[in-house]
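A.B. asks: Mind having a look at this structure? Questions to follow.
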Amino acid sequence: MRLSDIILLSLQNLLGNKMRSFLTILGVGVGIGAIIFLVGIGFGVQDLTIKKLTTSSATTSLEVYSGNPDLVKLDSKVVQRISNFPEVEKISASTSLPGQSAYAEVNTETLIKIVDSNYYELNQTKFLAGVKPKAKNEITVSNGLLKLFNISDPQSIIAKEIQLSLFMLQNQSDGKDSYEMKGLVVGVIDNPSQIVEIQDSDFSVSAIDYSRIKIKAKSVSDVAAVQKKVNDLGFEVSSLMEKLNEINRVFKVIQIVLASFGLIALAVAAIGMFNTMTVTLLERTREIGIIRALGARRKEVEKLFIFESGMIGLAGGVMGVILAYILSLFVNVGINLLAKSVGQEGLAIFRLPVSFVGGVIVFSLLVGIITGIYPSLRAARLNPLQALRYE
């Protein structure tokens with residue numbers, strides 16, 4: 001028999017019992033659809049997480065810190081050395097000190113950050129009111145601190161003075177245990193912690209060791225080079241690219257776990273497909289005998305059953321994609337309506353990469369072919385004379 005004859009005969013056999021074929025295909029479709037839907041949620045949540053973390057500038061950012069501050073210190077000399085790297089576009093150094101802030105008879109413990117002029121840009125600071133400091137003794141405060149001052153309107157604190165006390169750490173001290181100053185509030189930043197940010201130009205920072213340096217590389221391709229050079233200086237480096245790689249590894253595990261639940265449904269469907277092909281073999285024993293008597297070879301009988309089971313697997317894969325897509329539309333619409341009802345921005349929790357969909361359809365086809373191997377071998381081994389006498 002020609003290949004076209006085998007394909008045509010396989011289609012005729014499937015269409016000969018439409019209900020049984022449909023139910024078998026539906027079973028495979030449900031299993032494949034479960035895999036696609038669950039893994040699609042994994043892809044969607046992964047995208048949302050990555051988009052929340054990344055911006056065009058964030059992918060070129062690195063954070064530098066000392067793994068052992070007693071031996072390797074981040075000071076102004078290190079900042080100058082790193083800023084001279086040809087791959088570095090901008091650099092920002094900052095340190096955090098314990099302190100107190102007082103305003104309107106309220107005195108509270110405060111984390112005081114000493115920052116430079118590039119700090120706000122490289123950290124993508126969100127301002128609720130005002131601007132970043134530009135002159136001596138100008139400061140920014142967090143909305144978290146304003147809550148302790150019983151201030152609800154960020155704009156109302158602009159141009160007001162706050163009394164500050166900074167307590168120097170032992171390794172930061174240049175002979176003084178503390179600094180006192182009055183800071184003029186020029187900006188309010190969005191941060192739930194109790195924070196005051198002061199320009200480093202307001203202090204003699206030569207004696208201060210920084211707790212963190214943030215670097216902006218000129219391009220994404222320069223990140224690895226900058227990271228290596230800073231590591232060679234003895235410092236630890238953390239980049240968003242490393243974090244993204246770790247996130248992707250975690251989500252791959254999650255997707256495998258989710259896919260395993262769908263595989264359970266697919267295994268049940270494969271058993272049903274195997275049963276269908278076995279029953280089909282029994283029903284068509286006499287037909288197989290006639291085909292063999294007319295000159296069909298064993299390999300051609302094998303191909304006939306393999307093609308039938310492969311068609312069931314392929315059709316089930318396509319149906320699974322359709323079912324998963326329809327279900328995903330309902331889920332995305334429901335989540336968007338829920339998000340908008342509570343005043344949040346709409347989002348899509350479901351995503352299907354084309355390569356993944358294609359891979360799943362091929363996988364479904366392979367499941368169908370593998371499931372049909374045993375029935376096809378049994379059919380090919382039937383004795384033509386005995387098959388003709390089969391009732």
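Each Cβ is built from the backbone N, Cα and C atoms, and glycine gets one as well.
TrEMBL feature annotations, pasted as is:
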type	residues	note
TRANSMEM	21-45	transmembrane segment
DOMAIN	21-232	domain 'MacB-like periplasmic core'
TRANSMEM	256-283	transmembrane segment
DOMAIN	260-384	domain 'ABC3 transporter permease C-terminal'
TRANSMEM	304-328	transmembrane segment
TRANSMEM	348-374	transmembrane segment
A.B. asks: Counting by DSSP, what is the helix, strand and coil composition of the domain 'ABC3 transporter permease C-terminal' (260-384)?
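C.D. replies: Summed over the domain 'ABC3 transporter permease C-terminal' (260-384), the classes give 105 helix, 0 strand, 20 coil.
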A.B. asks: Against which stretches of its own chain does the transmembrane segment (256-283) lie, if we need a Cβ under 8 Å and a gap of at least six residues from its ends?
C.D. replies: 13, 20-21, 24, 27-28, 30-39, 41-42, 305, 308-309, 312-313, 316, 367-368, 371-372, 374-375, 378-379
